[in-house]
Each structure stands twice: as structure tokens, then as C-alpha cells.
Amino acid sequence: MALRTLASKKALSLALGGARPLAAARGVTTVALPDLSYDFGALEPAISGEIMRLHHQKHHATYVANYNKALEQLDAAVAKGDASAVVQLQGAIKFNGGGHVNHSIFWKNLKPISEGGGEPPHGKLGWAIDEDFGSFEALVKKMNAEGAALQGSGWVWLALDKEAKKLSVETTANQDPLVTKGASLVPLLGIDVWEHAYYLQYKNVRPDYLNNIWKVMNWKYAGEVYDTTLA
């Protein structure tokens, strides 16, 4: 059974990063913590159930709460014509909104081994990986190297440039979403390399976490995004 979160009774039909949105005070459209399609422990041994529970219920939930709070404060500031407050809130909106968007993608990028997690990409995406990186193994090696080398906290992405129709590996700092690197970049896979994503299990050995996460990678989802984007 999928693990579910509490949602407002005033659900709307707007989607941001795969979450179920809800209506907040003063007509502000806020977001809700998305459900997982698998149980917390379903990704073990690659990712422990304790990490998944804390990551989803605490870290992602905090981004959602802070993003919604910042949106409501922004609405009030705009209503007052308080330009200074509007500018001041942009950092909180970018950080927490980015955290929500990134994590909403991340949960979809993962799948239990029993349900096909870790199976290599096939179809058009598989061919594109061979063409742009030489092989699937070369892509994994490149993403692992860039993720391990990323200083501080951030994300490593497999991106599709929808205009150039070419794949690339990108990194973003903190909770910056991939769109901050280019409007034409579409995230196919994102790996969270913040310590909260792995420290309880892998301590400070980020490369071990990066090596093991591929065992539960949902390449079917990545392939669907790739096909839909280029359709």
C-alpha cells in the first residue's frame, strides 16, 4: 500500500512537480506533499526505510510547508505593495520551491527491485544514451563522478535538452531545480546528493550511495519523460 500524506479538503487541479495542490488562504495556490507509490522500506537494501521515511516525511515536508508559507507571505506583500518584502521572499521561494520540485521528481526516479527498479533503459532513451555517452556504463560512471565531486549539497541530473534533442549530465547546487541551468533542459533522472539522502546508512561515503542507488533507478519513468518530451 502506498504511503499517504494528509491533504487539504480544498484540492485544486493545478500540478507542481507532481504534487497534489490545495487552496490556501486569500486564494493562494499552494502545494502538498506527494504520495509515494511504494513503502518506505521497499528500496532496501539500496536505501534504508529509515532514510526514506525521514527524507519524505521530514525533509520534503519541510520544503512544502516553508514554500507554502512564503507564498502566503508573498501574497500579503503584493497586496500591500511592499516591494522590499517581495524581493526578500524570492530566496525562500526558490529554495523551498526547488526542494519540492526536485524531490517530487526524485521519488518517481526510484522503484523497488521487485517492480523493475534498476533495469537498464530500453527503447529510444537507451539508444540516445549510447549515442551521447558511448554506453550506459559510461553514463553511470559520469553521473557518479560528478555527483561525488559536487561540493556541499546539491543534485546531479540526466537532462534532455529538448531543443538540441541531446542528453547531458548537469549538476545544481543546494535545491536549485534543473531549469535554473537552462529553460530547455528537462530532468529525466535526478540524484539527491545532500547528506540527508544517505548519511544514516552510508555515513560520509557518498560514492557508495551513488553506486547503490542505480539498483533502484526507475528507467521506465525516465524513458516515458524522454518519449513524451520529444513527441
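First residue shown is number 1, and so on along the chain.
Placement of Cβ uses the backbone N, Cα and C atoms for every residue, glycine included.
Marked as Mn(2+) binding site by TrEMBL: H55, H103, D192, H196. The feature domain 'Manganese/iron superoxide dismutase N-terminal' is assigned by TrEMBL to 32-110. Taken from TrEMBL, the feature domain 'Manganese/iron superoxide dismutase C-terminal' covers 121-222.
Those same-chain residues not listed among H55, H103, D192, H196 yet with C-beta within 8 angstroms of the centroid of the Mn(2+) site C-beta atoms are H56, H59, H60, F106, W194, A197. Confidence over the domain 'Manganese/iron superoxide dismutase C-terminal' (121-222), given as mean pLDDT on the 0 to 100 scale, stands at 97.
Looking at H55, H103, H196, the binding-site residues in this record, the fewest other C-beta atoms within 10 angstroms of the C-beta turn up around H196.
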